[in-house]
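Notes follow the structure.
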Amino acid sequence: MVRRLAVRKILRARRAIRGVLVVATISLILSLLGLVMYVFYVPSEVILMEAFVWLIEALSFGSLALAFKIAASKTVTYRARYELLRLEALAALITSVVAMFVTSTIMYKAVTAEHREPSPIIVSVYPLGSGIMSFILEHRLSRILRGMRIKLVSVRMIAEKLKLDVVFELGGGVAIIAANLLNSALYETVAALVMSVYVLMGLYGIAREAAMHLLGLVPKSVHRDMEAKVRALLHKVTRYRRIRRLKLESYGTFSEVELWLEAPSSISLGEAYYESIRIARELIHNIPELLRALVVLVPEKEATSQLAMRLSEEVPRTRLGRRRRQVRLSSSRSVSRSLRGSVQSLQPRQVPRRVQSQQQRSGDGESQASSP
């Protein structure tokens, strides 16, 4: 039952990815348009880099849809199904790293260019149009995320990246127009540097979070949100609410939880087993991001401390008991030895055989002398 529920969650995420494929198609069209402009019309590095960024976004969405399709397949084993979900974080990581590389390249060319002239004003059409399209796509992804019960990590990260792209692209287009109007490339260079630093800072945060998800680590914000959801659910489904340990393992959008709950020491092993299974099912059923849950009921800290106190008190008692037993054994042994000595002293001494024979001979001689 739990495995079927996990597969249903993956299928829901795959249906949501189908709606996001529209964004991938638009990204691919804009990428091809930029490459055509660079090859046949204006050989500008800005257009080439922008087309490359759109191409990477299209590839990331395509790989994401493929990963979810494979993960939802019936031919994939139980454990490998979840490992494939890490491709979602890998796609977001590749997108952010490539975008950082593109931004750094633009910064380097803007700083090292000598006798630079302003770019043709017609070049500003492509970054301005890309900025408007990024704004529209970002709103579409945000609306998709608000309507989804399962918040996909990759969709959220790419939506954040598109928000940064809006600033970068619109600023670049405005800077090209200003440089042409003022006939100076300085404004274009300064604007490109400022926006590049801003975009790099945002992309670094996205890449860091994606890398943590890829390694199975959970960011603190995600851990706090999951802990709040678990605590709220425990108040509804069980009377065991004191959490001893809460450990999360990330699979991108989805995660796995290991939960230790304190229970009274009077509960039996059978009751603890069935109660832990029931709590795990409730967690998986009510928290959309959870695929698996391991719940362990452990004795309360007070009970364990009392047990430790009793054991610490019983240990010296056992030692004293052993010493008393040793003293009793030694005293009994000494008493037995003294009793044996007294018994031997009370018994008549055994006369050696030689003395007995001499006594018999002397008695015979005396008897012969007294006879007439």
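Along the chain as shown, the residues are counted starting at 1.
Glycine is treated like the rest: Cβ placed from N, Cα and C.
In TrEMBL this protein carries:
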type	residues	note
TRANSMEM	20-41	transmembrane segment
DOMAIN	22-215	domain 'Cation efflux protein transmembrane'
TRANSMEM	47-68	transmembrane segment
TRANSMEM	89-108	transmembrane segment
TRANSMEM	120-141	transmembrane segment
TRANSMEM	189-207	transmembrane segment
REGION	322-372	region 'Disordered'
COMPBIAS	328-362	compositional bias 'Low complexity'
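The listed stretches are 89-108, 120-141, 189-207; of these, 120-141 has the most Cβ pairs under 8 Å to the transmembrane segment (20-41).
Within the chain carrying the transmembrane segment (189-207), a Cβ under 8 angstroms from the stretch's Cβ atoms is held by residues 92-93, 96-97, 99-100, 103-104, 106-107, 110-111, 113, 116, 157, 160-161, 164-165, 167-168, 171-172, 174-175, 178, all 6 or more beyond its ends.
Within its own chain, the transmembrane segment (120-141) is flanked in space by residues 20, 22-23, 26-27, 30, 33-34, 37, 42, 44, 46-47, 50, 54, 155, 158-159, 162-163, 165-166, 168-170, 172-174, 176-177, 180, which lie at least six positions past its ends and keep a Cβ under 8 Å from the stretch.
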